[in-house]
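One structure below.
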């Protein structure tokens, strides 16, 4: 078996000068150790303490406390010992009081605060400004003071593991102060673990973090417990110790909390720790606290913590040369493998298979075997829906904006002026539609040159002043963008926006629109620094034209926030998350280097999808750059790149773990120690406040499980009653060659839509077919493949259990009669794949009338959509409008400007001009058009 690729060290010149946020707890210090392992330099420690504490006061002078601040953001118990860390580590320590409280929810927006971050000013004055604001803003005056003392500081690290609440707040402050946020422990429990633990339960894999801390030489003791599974006898237990870790895990298993992600490492507030010692590369001295100087404070409700009367520092025994020990210490920090098991398997398959040549392609092509379909009449048993929404009722719209559209021919223009003009146009249209920028779900930005990206990014980013900006895909199309102009000029930018027009007020938007925006470097997935999120999701039900307004009153009704969610995800390039650099490649092994980039970037898409609950992708495109002199071009035929990309896509879907799950559990083993008492009974778990949090994770009632992607259970039986055949269903894929990709990447993956929170049999992938259309200009027939996916909302559990071989949705009216506020919508995605004539090389003469050809494709899309309309709901009505074009990919060597929508300000369709288009088998395509329709 091939060795799993490991994350490389930072590229030369990538060393950062880090401010380490510390609370005294294990996570902040272990994150700091990872900074050192990556070659970064920690220039200062930063700590926020309860407001009544004097930052320079000696611990012996502290009055005994009987109440913890219980901050949502900061650990405050044990704050009396924090001043000792300066001498213990030899790193300067800076402290400020915590002011304010928790005034916002999970996602944080600094625009509601009044704190200025520019200028020197008086720290006390700035501190007064945050007194009535969110406690997050307490970091501002502290970090400003550190930056003045250490102007070289350019990064900040924190110990967030699973807490979006904490991570987003640190990121908000860091970005405003020009600091690179580092969160090397982010999602650490889901990252690859040592092979002997693969397939273990949640408690086992989570506890690996504690093993890693122990291996690094940390000593971290519990100083607060707030869980029914841990009583005050656990206080002062060393969690970075095998016995301590096992005792915690054993107790939580008995009390039903071990299956809750992060519980064993205290991520749910189950316990808090204080670090007393660590490797010599960080700790020069050890903190000592004698038993007589520790006092237990019991707050009630199962919460207890330690107050300290005194502590001292102790010199560490030196057994080897300090410099040698420090070098050996660095190697004790386990860096998670770059790829998880799924994508290790994918990469091994790519690297060990024979070259994806013509013969292999022909064998794959034979699997397609789609028969032409000339009739679209309904037949008995056909999967049928209700009526499609009219274009006027559609809440999911595509807005297109093109640079230079308002400039006359020959006028002086720059990418800066074009982008500023587009942003003004977007603001104006949003205002006219009574929408805010949060109504934008995703954007596609086409540039003439990728070098313009920094300029465009800064101007475009000014649109968004709320958390979770739209997801985004960005590619450069070179001179192909000129096809959009109807004058002598050329454009530098085009922006396409997918907009939810139903998000007309903030409360509706905040409740229904969810986002994932990680801006910190980690081992998980690339950070999105700037105005775009990794993912945005909306409920399918929010697209219903029958839903009640969000401010309606009355009885129970569906607020449009339940059922399946539709997820848009940012384009993913193969950056190593911890360094934000492309993986190194050997020039003589170009195919292997491309394989690594294919697997790594698709893993990013997978991890983001799993994080937001995606169970199925509707389709995907892999972008490749045109051949250039850069290493990313991987000089090999595009046909081979397309086949490799599809094999990556296919393998990721069909991979299954080879590790058998361990059915043995230590949870039921007999034990004679003091922790052998039984856990809370079912009544306690339901009604006793101390144990209520356990009810949802108890063995008797737990319905949660590890997320699955793909989740085959969401596919309906229309795909196949044979489970094995159903598992061979692969979402449509194609490859597009453009001029450039961000960061000179060799590939960029873009999934058009993800489906999350879908019930059983909620997704139907209809059988694909071919159809022939006539080109009015030449009289020749062209071959078009039709792929359709339906996502629907089951009305009830009983309906989900029904056999849905033919689904006429007559029960839509039943939902209304039963008190639902609106009919259950269904989303239909239709993909029209237009091939070259006869699946051969490009014809000698390109389309003589491309606009009529696309009119024929759109007509076919209408026919393939109308065949699904339930006759009981009425006949198809073209006046209502056909399926909406979400995006059209076009091989510009075959299509004139007319095919792209007419040019200038008249373009109404989102078009991505491509140097070439390819299917999964390395065959050329003329165009790919993606349509969406909402049925009710």
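Any Cβ shown, glycine's included, is placed from N, Cα and C.
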Range among 601-628, 629-656, 657-684 that TrEMBL annotates as region 'Disordered': 657-684
Region 'Disordered' range according to TrEMBL, out of 698-728, 729-759, 853-883: 698-728
559-596, 787-824 - the one TrEMBL records as region 'Disordered': 787-824
Whole-number mean of pLDDT values that fall within the domain 'Diphthamide synthase' (152-295): 89
Secondary structure composition of the domain 'Diphthamide synthase' (152-295) [DSSP: H/G/I, E/B, coil]: 54 helix, 30 strand, 60 coil
